[in-house]
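Peer 1: Quick one: structure below, then a few questions.
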């Protein structure tokens, strides 16, 4: 085995790696900077045009600085959750180099010309028991494995992902077993950040109304950026807030987005629901499983195994070779009989030598005929040539005598 490259360099999925395989992203990782910009830019505008003016509006005199600090720290927290969601292994199941041998089935199919052709097949599905409920798992042709329960193959990343929820283009990564917790925390934290910026911007409008003793419109004209931030946060709230509410429902019922959309029509029983409280504990209080992939490890190249089956053509070829050897043996016997009939009365003092040589040839022919049924084809061909050589040497000896 040779160690020429690392796993992330020979990776068959569509993922992108940086820092020598330490960080893994989806193929649409370019959307991550856009998401970061959508978070940072409103917060910067908020700090410059809203929070800066509120530093001395509360008692004690510098209490307003807390508004600025909270906005900055909370934004950093949201960005950290985004990195945990988009830059880590979501739960990719390693691919197999070969189909599982214990599930292979050898079948014989009948062709149009009547020949039987052996073939190797593998069942497309099989049943497993989860919490006392029979669950059907499918075979993945790409990864050459039976997907674990709740696992699905992401067509964008081209990987099988454990507890697959969905592929999120905003974070540029699949959401699965190992990053679902951080995804929910990211979405819910972004929702709280929208509420925070919207509320403080509205508070600043109210303070402007009190200072200038004017109307709402006058205050809005005084701080148009506050109005713009309120509109932006209101729109973003319906997006991230809606996702937060939907995933709260999914966590409470222990479903994934993929399962909810796929099995909603037939009301399939959820085999993984352990009660609302236990479902939340499973998502937020259990230890995150380690990755099943070591992307920085060296690739160990393995020689592909070839499954060979005997075909009708090979059997016909074997029969032809066997018949050829038997024909060669019969020709050798005929030559031996002809040599025995040539001048049997002449040169009587050589008769013993001829008879002994013929007996040796006969014994050799019988031995080789037996070996042709059990030996290799190469030894059979060599055996037939030995017989002809022995017979020809006996004929030469008789002619000399």
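Here the Cβ of each residue, glycine as well, is placed from N, Cα and C on the backbone.
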Peer 1: From the ranges 225-252, 253-280, 281-308, grab the one TrEMBL calls transmembrane segment.
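Peer 2: When 225-252, 253-280, 281-308 are checked in TrEMBL, transmembrane segment belongs to 225-252.
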Peer 1: Of 32-51, 92-111, which range does TrEMBL call transmembrane segment?
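Peer 2: In TrEMBL, residues 32-51 carry the label transmembrane segment.
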Peer 1: Which stretch does TrEMBL mark as transmembrane segment, out of 158-181, 182-205, 326-349?
Peer 2: 182-205
Peer 1: Can you name the far-off residues of the same chain, 6+ from the ends of the transmembrane segment (182-205), with a Cβ under 8 Å from a Cβ of it?
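Peer 2: Beyond its ends, the transmembrane segment (182-205) has Cβ neighbours at 39, 42-43, 46, 50-51, 53-54, 67, 70-71, 74-75, 77-78, 81-82, 84-85, 165, 168, 171, 175, 216, 219-220, 223, 226-227, 229-230, 233-234, 236-237, 240-241, 243-244, 247, 251, 283.
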Peer 1: Looking only at the domain 'Palmitoyltransferase DHHC' (138-262), what is the model's average confidence as pLDDT?
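Peer 2: Mean per-residue confidence for the domain 'Palmitoyltransferase DHHC' (138-262): 93 out of 100.
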